[in-house]
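According to Swiss-Prot, the protein has these features:
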COMPBIAS  1-14  compositional bias 'Basic and acidic residues'
COMPBIAS  134-150  compositional bias 'Low complexity'
COMPBIAS  151-163  compositional bias 'Basic and acidic residues'
COMPBIAS  164-174  compositional bias 'Polar residues'
COMPBIAS  394-414  compositional bias 'Low complexity'
CROSSLNK  277  SUMO cross-link
CROSSLNK  293  SUMO cross-link
CROSSLNK  703  SUMO cross-link
MOD_RES   23  omega-N-methylarginine
MOD_RES   45  phosphoserine
MOD_RES   113  phosphoserine
MOD_RES   134  phosphoserine
MOD_RES   141  phosphoserine
MOD_RES   203  phosphoserine
MOD_RES   211  phosphoserine
MOD_RES   226  phosphoserine
MOD_RES   267  phosphoserine
MOD_RES   404  phosphoserine
MOD_RES   480  N6-acetyllysine
MOD_RES   492  N6-acetyllysine
MOD_RES   494  N6-acetyllysine
MOD_RES   495  N6-acetyllysine
REGION    1-23  region 'Disordered'
REGION    130-182  region 'Disordered'
REGION    394-415  region 'Disordered'
REGION    485-777  region 'Interaction with CLOCK'
REGION    487-523  region 'Hinge'
ZN_FING   421-441  zinc finger
ZN_FING   457-481  zinc finger
């Protein structure tokens, strides 16, 4: 807004704030100043005007109003106080007031008359001001009640040349009466009420229709914070080092609050506090109608005054008002303790608008200060006649609801946490079968092992096993027991150790006089780590369903097509199983693919024989639970010869009474039973892995037979069966290749199985396969 605006009042304006043209009328700035002192001045001319040029860097002048009458000493420049107050409430420090009908003296000042009547009016106004703003002296506050009125001239030098030029231009447009209004005697210093007001060099006649008080609420880059507008009963928060929850101000700056809510700063303060007002709803609201800008002087507002202020210093690094941070500058914290500035700088203060509560509103929340210099704790701030409420914020480290982490001594008294079962996460009852488990999982594992149950998962072998759902899927529960390392041999070993300890306890009691005799401790402890066989049990694929419709009449084509589709899904399951075998993925990727292409028929035929042996006593072929080839189906064309080879495997397993551990080791060895003639890319690693599982087969035999002379004989029989699988698989592959190449049979093959057969046909026709046999023919 331009500084040359008319001061001509409208008809609707309040007469108390209008400058009339008649001599002797009164100017009332009370409503405009909003809480400032009412200054009544008798005007000797028909119009009153004041203009001055002041830079943004001005010197603050301190004015002392004694409690008594006005003394005869040289009076300070009250016009600067009026100018500063007007700038404070209008949003800028350089307030421009001007009108076309205002008369300005030629000297650039308005002298105050020494008339007795005018002096009485001024004394009466000052007395009213002292009565309204006087408060009892704080015994711990050394600062006197004063008002910071004008900035320092060192920081804000005046430009008198601009002032004189402006006054010459204004002289021609103002009234003819150039007399000065005298309120003081000649021996008292005169001062200009509007001395600090700045006028631009433009014509004062511009924009005469606008109000001079509608100035742009913008701040010069060197100015202070924008003013805070207040209501008619506005008050400023009082900060004192002896009170709790006070606003944070600069060190050695101790603001006071009079009874009527006016702010009085100490004479040593160079800082103007932003105004905090209260609304009729009894809560504090900060109003900033202007633009908040960073100040170059890094002045900190609302910082607590305490002896240990040097911990923080006069400079702050960020600005945050009402929880809003600007991009660098000062930090302004309202109603928060100083510990949060140094310790919780990454957290913004939270201000909650809390209505008055009858029960909990006796005083403000106690803020616990911290610091190395015995920082004064923030105290209680009470205003007479006003409801006291909680500030709604405290540092996170000071909040009572935030509990500190328990110390080691407190945790020791509460006791150790309960031990959980490694299978279902229920409360463990002890170490069962070498693993910390509950009683339910202990009984389940014992029954599952001794009963030799062949559990099947209805899902994908990834069921959740916990306290509530542990009975839903016994297959996944049993798998999790094996993964945890449960083993029946651990219990037997534990009993042996316990028996040895009991036997040696009596001997040690008898020979307790001899310190050389000690309790015998076994040299070997039970193996609690899972073995390869237990891992093979865990990764064993589930039984797949063929989806065969038994209500439809059987045919060779339909059965063969269904078996091919089932075989394609079994090959996918075999690939996943092979990748889970310990050591197999260490081989080269090409070697892994080659071994799977050579052994896929071995794996499916041997698994078919195992299912037929366990479920049908080797009399039927159990391809799937919903597809069992009985003697009637074997009589179909092209079915009997192939079924005869498959029944051979089942019958041999039944004859030898192969255990589940032996079956798992033999199946793994069938995966490693055929290689190319040129060898594998990681042949040495392959030989090492194969030898490892041969030893595992020997361990499974020893586990079944014990330390007997028949172990080598059984090992011979089982390895002989493995060698015979090559002949069985060769016959099955020949028939499979024939049906794949003969399009007249119209037997469908899944995509993956067709790809494997296509890659395998040239290798078999060229004889590029080397059989790894245990025995020479």
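Using the three backbone atoms N, Cα and C, a Cβ is placed for every residue, glycine included.
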Tell me the Cβ neighbour count for residue 703 (SUMO cross-link), meaning other Cβ atoms within 10 Å of its Cβ, over all protein chains shown.
-> 14
Rounded to the nearest angstrom, how far is the Cα of residue 480 (N6-acetyllysine) from the Cα of residue 703 (SUMO cross-link)?
-> 22
C-beta crowding around residue 480 (N6-acetyllysine), within 10 angstroms | 20
Run through the zinc finger (421-441) and tell me, per DSSP, how many residues are helix, strand and coil.
-> 3 helix, 7 strand, 11 coil
